[in-house]
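Here's the structure, in structure tokens; my notes come after.
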Amino acid sequence: MHKNEETNFNMMFTSKLDHSLAPYWLWAGLRILFTVWPQSGYIHPDEFFQSVEVIAGDVFDIEVARPWEFNTTFPLRSIALPYLTAGIPLILIKILSPFLLLWFNWNLKTSYVLLITPRLVTCMLSFVSDYCLYRICKVYGQNYRTRLITFATSYVVLVYGTRTFSNTIEMTFTSLLLYFVADCMAHSDQVIQQEEFLSDKYKEANSPVERVKLYKIRSALPSHSLSRCFALASITVLGTFNRPTFIAFAFPPIFFWLQRGLGSKIISLHDFHLRMLLFILSGVPTAVFLIMIDSFYYGYLTMGEIAMMKLGPDNLVVTPVNFIKYNMNSSNLAHHGLHPRYVHFLINIPLLYNVLGVVGIAAFLRIIYRGICKRWSDLPRVQSIIGLMTLSFLIPIGLLSLFPHQEARFLIPVTVPLVFLYAQHIRHIPSTECRQGQGKTHFFFVKGSQEELTIKPRLTTIHLVTSHIYSMPLFLLQLRNSKRPLFSKQTGQRYRLAQSFYSYEMGSDSLETVHHKLVSILKSCEEIHTEKKLDYRLFVAVPASLLEKFDKTVLTFNSSFSYSVSKVFYPHVSTEALPTLSFENECQLENMNLRFCKAKQIYLAPL
């Protein structure tokens, strides 16, 4: 091969690589791999306790730690969406498990399957956002390759997109709204342009024949004013029942859908008001359906009341309204943590998106500067795709910043607008494709607990005390439900199963308080053991950074019990008990563990 031919071949090969989607498919495959090869930890308790923990308890009738948002007196969470995303796959597992166990000796009801199946559903739903981003780029002739690769390599997508957060479902709904609205905008712009052109030609026509011809052409133009009205309204209602904060993310795209074509000769305020009315009416069926589901689930409504048409505020529950009422009270939010109003803009965006987030903030500051300087022509046009994406990025963050409780994951739905707007700006910046932020990850113990429950004697109870770590989901242990009353056909009496597992969450209480709790549990267990001959095992899960302090606490109180380390999980970081770095002792890597410890009757365990 000649030198010139070799150079041309290299240039062609490089060009093909530049336009290839191979890097995107690689990262898409990694997203699926991260889902089916689960880490032994979780980012936040809500990824379990706002969906899977509750649904697994209902489906398998097992012992779970039901969160307060799902209480029957004032429920804050709709049950419909969790049943769609987690309930359906878990019900399939329940149906198929006996047959696969009988025919092939395959046990589907393992902690691994219960963990990854809902996550797989969430992962598949996250690819809806990929598709919407791709379609928006195609509709407006934008570079989709750079944006898809940036999106697929985002920390938000690789981590949150593989976990059962309601925020991830919220991102899917937001992406669908943006795609449908962007498509409607492009379609309306095209039809309005053609209609205005034909209208002008009609006025200029001299002969009746020419006018009739133009009138027929104009009448044949496709309808556009109410395009996708029912779909947009249904998505908005579903998203609001999933998380009422979705209203903030839905407002910009819905407003852009309502005001399409305003200012043209064809569209007037009458069209705007008509679209608004029909949009509201289109959302009523979905809203009524979800209200009925929640009212049945939480026991507010029965079939008898429907038959007698006894429907009213007393037997209907609207969970988004309860959610908003709860969060409008600052004293309620104080229980979850209060933050300065600037946390979302100055901390959470860079934390989630790194360079991309910084570019987005810089662009926002430039928009403010241009507005102050009255450079109106430099601002994004209201009816353009750039205007839609800019406001879909800024307005939700601004609205959510009004509330003092601000977690980074609340901003996940702005990922698509942010990537669409600024992915091109960072394409030449190195090391931005695969690392876009770091999250707070906590680990929990699954396999060992299950083994302990399996090998323990039948009449033995297990007690688990956790300190300075997140709450642990119980559905993976598949404990039989001890709260549901059962009926014995032989005796004709009702009874309940004896509880075999007890958990005690101490949060960030002092180790002295934890010690007192252990003494209290041991005393109670010993009394039961003496009276009923029931054995017990007591575990304590604490970060290893607290183990030395725990030793000193035990010595201080001259406790009669002893303990030993049963299981160590590495690595583990708890921000409630950060490890101490010592330069005198080579590096205390033990402080990065979480310990399960084992004692005379205490099994002190670092996870």
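Counting begins at 1 with the first residue displayed.
For all residues, glycine too, the Cβ spot is worked out from N, Cα and C.
Non-local neighbours of the transmembrane segment (83-106) in the same chain are 51-52, 55-56, 58-60, 113-114, 117-118, 120-122, 125, 164, 169; each lies 6+ residues outside the stretch with a CB under 8 Å from one of its CB atoms. Under the heading transmembrane segment, TrEMBL lists 83-106 (among others).
Positions annotated as transmembrane segment by TrEMBL: 112-134 (among others).
Remote same-chain partners of the transmembrane segment (146-166), defined as residues 6 or more beyond its termini with a Cβ less than 8 Å from a stretch Cβ, comprise 21, 23-24, 27-28, 30-31, 34-35, 42-44, 46-48, 50-52, 81-82, 85-86, 118-119, 122-123, 126, 129-130, 133-134, 137, 242-243, 352-354, 356, 409, 412, 415-416, 419-420, 423-424, 426-427, 432-439. Annotation comment: TrEMBL describes 146-166 (among others) as transmembrane segment.
The transmembrane segment annotation in TrEMBL covers 230-256 (among others).
TrEMBL lists 277-300 (among others) with the feature transmembrane segment.
Marked as transmembrane segment by TrEMBL: 342-365 (among others).
The transmembrane segment feature in TrEMBL is assigned to 385-404 (among others).
Counting Cβ pairs closer than 8 Å and at least 6 residues apart in sequence, the transmembrane segment (385-404) and the transmembrane segment (112-134) reach fewer than three and form no contact.
Contact between the transmembrane segment (230-256) and the transmembrane segment (277-300) holds: at least three of their C-beta pairs are under 8 Å, each pair 6 or more apart in sequence.
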